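Here the structure is laid out as structure tokens; the discussion comes afterwards.
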Amino acid sequence: MSRWKRRFLILGLSIVVLAVFLLIAGFEGIPFLVDLWWFSAQDYGFYFWQRALYQLVVFIQVSIVFFLIFFVNFWVASHYLGSERPADIPPGAPRKKFKNLFFRFQTGSLWIYTPLSLVLSIIIAWPLFQQWESFLLYLVAPDMGIQDPAYGKNISYYLFSFPIYVLILQRLLISFLLLLASLTLFYWIENRLLSQHGKRLPTGAKWHLSILVLMVFFIEIWDFFLQRNGLVYSEAHQPLFSGPGFVEMRVILPFIWLSMFFLLGIAFFLLLFIHKRKGLKTLAVFSLLFILSLGARHFHFLHWATQEYIVKPNELSIQKPFIENSIKATLDAYKLSNVEVRKFERKKALKNIFNAKVQDLLHNVPVWDKELVGQVYRQLQQLRTYYGFPAENVDRYMINGKKQQVFLGARELNYDKLPSGAQKWVNEHLLYTHGYGLAMSSAGQGQGEASMDWFIRGIPPESDEGFNIKQPGIYYGRGSYRYAIAPNENREFDYPKGNANVMTDYQGKGGVSLSSLFEKYIFSVYFQDKDIFFTTQTYDKSKILFRRNIIERIETLTPYLLLDAAPYLVATTEGLYWIQDAYTASTWYPNADVLGLMRFEFPIPPKGSEKINYIRNSVKIVVDAYHGTVNYYIFDSSDPIIQAYSRIYPGLFKPKEQMPEDIRAHIRYPKDLFEIQMGIYAKYHQTDLEIFYQQEDMWTFAQKYNRESETRLRPYYLTLDLIEENRLDFLLFLPMIVKGQDNMRAMLVAGSDDPYYGKLIAYSFPKGELVFGPAQINAVINEDPKVSAQFTLWNQDDSKVVLGDMIIMPVDQVILYIQPVFLTIKDDVRIPKLERIIISDGRSVVMEPTLMEAYAKLKERIETEGAEGESH
């Protein structure tokens, strides 16, 4: 080949290599750089490098371990292969090709088995790399202080160590089986070659294979040991209880121990036979015993016979300790061990509930449904098509010196609602960059428009109650936000004012600098949008704001946290903030009942698994709606998982005491967690063993009824004095009914205010006492002739009767049932009208335009009828 052709070839190859490098850099380097800038802009640059370094360290360490496993074995094998030089073999001999391979393997440690070991180590260990964070948790796992009753191991072993051991075992077993198979083949070929010259395989080769065999046996013995520990996750006794029972601990466990013993014997006598040609019969006996023990362990008939003829006739007494272990573990795993059980003794004299205290409580009753509130907000407070209210939430604020329960929603930007002709790049990314303000109304029935009292309304926000928010701009929220470039030469639309628009320039901390051509190039490639690079509307203070959906924002920062489905808005004098509840969860808590999140339609989205058996609301996250800053606060310091993460990432999670007071005043117990806990407590409140075994006091969620359908009643917030008498607390409340029946069995309460945040109380009714549930009250309402006639009359017109969520409200030792009645126009999107309020004590039913009128009417009826005694 001529010189110029050679140079041309080298140049061409160089260009190809450079192109491939740039392509890889484009796919990997640009996202890495963008992430680095994004994390750094939020003061999480050190945290970003921490995570990157941790991944690199785990990658290197795991790779080194498996590299050494392969490298050392290949290096040892190289000393026993290639005893003949290829030159000593006549050309064309059949074994010539094998000797070439073996000779290169023997003499080429750097060029043959070094890269081979590296490639194999990465392939085998790749699942371990993907679990790099689990490795870190394993290394820093705290002592939980609770022991598993089956084996006496700390619970932290099961949460952190056991899953990693299972994964490591699998990869080690694959590695040594691969080595054993490949080197056995090589040594067998070498032995055949040597035997043609009357030679034998070196003793060292036999010992090498023996060590590999021994390692495989030891790994298998470890596997059996982990299977022994894994019995604590048995679901064989569901639906009665979780964890091991008599069959597992008295039948399966002994066979596991026998299998381990026989496997150890097989390993010993196999090595003895290989090296001494002795012990073959004993080896055969141990092998047969191992097969028998393994078969007996998995022989379903043996398990069935034990269960059917030993356990079943004496199940309660035999399974007693295992059931008790399961009850305790399940209550601990879902943080239900400290639920306070109180008896709810109802008053017999109903007329005693008509007093000033009850009247004050009724003013805070949330008669508006969340879904219907959303319709009202969109109709009355959206004001422009490009605004929207993605969700409304319930909270409490001090208004006129009293704790007032309210609805509030953020007026967020909804760019998709702009006319199609206005959906231009400049409008999308430079002009319409943010939402503005909020609306707040009373949760109870009001006197204003749509039967609501508005505490904050309009654009800009107006308030007769003195609410003043310095920065109402919403650049980060629950909506689907595009990237925005702000500030910019074009200026940003802030809010409409009459026939004009008020403009603004973003002054917040959020966003990544977009002042240089290099930065514009990087982001134009990242977003695949050339207009970022070519726009002339940026200047030295311009920044690009992205990942503005708060859930996406948090998941990018802390993907290991499980997020609640409903972040909620908090308004302070400084600005608007989002509070996002976050959970740590696991499927590895021993003996605890497993909850299928998807099967029960619970709203927390599981990551990687549809099941959990441990959960804690360990962290509350605050996101500034204007600046986009994200702060993490620990609200359950007893959780070992969040303790471990705090050790891995020091400084990331702050103690709850550091949360600003004006934000901390609005924390609340999360509905998602409460619903999950109560789904478990419905069964596991039966701590009496006989009652639990008979399942005679199983609870379930009550149903809510419309005139056309029924769905599960979700928890709702009330402001009552159910924790401490004469002290109003913001509570999460859920009535539970008897499974298979409609009567109410208990009322479950979770505190949201300090010092009772997280306090769980179960108010139970005596078993022999009939307390109506929502279905029975719904039947009582439908049977009332006046109510039924009025419903029929309304439905004959163009209107449609919609029943809101029934509020079951315990006040002054009496149960009141409050049923809002709404009217909507059929096939119309007009504002739903709160037409009537129905109130009942379980026997009498009254329906009036307002709650207070209905309350007065109920009083009148009870006094007229002389109704004293126990309500039904």
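Glycine too: its Cβ is placed from the backbone N, Cα and C atoms.
If you look up Swiss-Prot, you'll see 8-28 (among others) marked as transmembrane segment, on the strength of sequence analysis.
What Swiss-Prot lists as transmembrane segment is 56-76 (among others).
Under the heading transmembrane segment, Swiss-Prot lists 109-129 (among others). Within the chain carrying the transmembrane segment (109-129), a Cβ under 8 angstroms from the stretch's Cβ atoms is held by residues 55, 58-59, 62-63, 65-67, 69-71, 74-75, 78, 135, 167-168, 170-171, 174-175, 178, all 6 or more beyond its ends.
Proximity of distant same-chain residues to the transmembrane segment (159-179), defined by a Cβ-Cβ separation under 8 Å and at least 6 residues beyond the stretch ends, is recorded for 66, 69-70, 73, 120, 124-125, 127-128, 131, 134-135, 137-138, 141, 144, 212, 215-216, 219-220, 222-223, 226, 229-230, 586, 588-589, 614, 640-641, 644. Look at Swiss-Prot and you will find 159-179 (among others) tagged as transmembrane segment.
Annotated transmembrane segment per Swiss-Prot: 207-227 (among others), in sequence order, evidence recorded as sequence analysis. Residues 73, 76-77, 80, 162, 165-166, 169, 172-173, 176-177, 179-180, 183-184, 187, 256, 259-260, 263-264, 266-267, 270-271, 274-275 of the same chain sit 6 or more residues outside the transmembrane segment (207-227) yet have a Cβ under 8 Å from a Cβ within it.
The transmembrane segment annotation in Swiss-Prot covers 254-274 (among others). Sequence-distant contacts of the transmembrane segment (254-274) (same chain, at least 6 residues past either end, Cβ-Cβ under 8 Å): 206, 209-210, 213-214, 217-218, 220-221, 224-225, 227-228, 280, 282-283, 286-287, 289-290, 293-294, 296-297.
If you look at the transmembrane segment (282-302), the same-chain residues 6 or more away from its ends with a CB under 8 A from one of its CBs are 251-252, 255-256, 258-259, 262-263, 265-266, 269-270, 272-273. According to Swiss-Prot, the feature transmembrane segment maps to 282-302 (among others).
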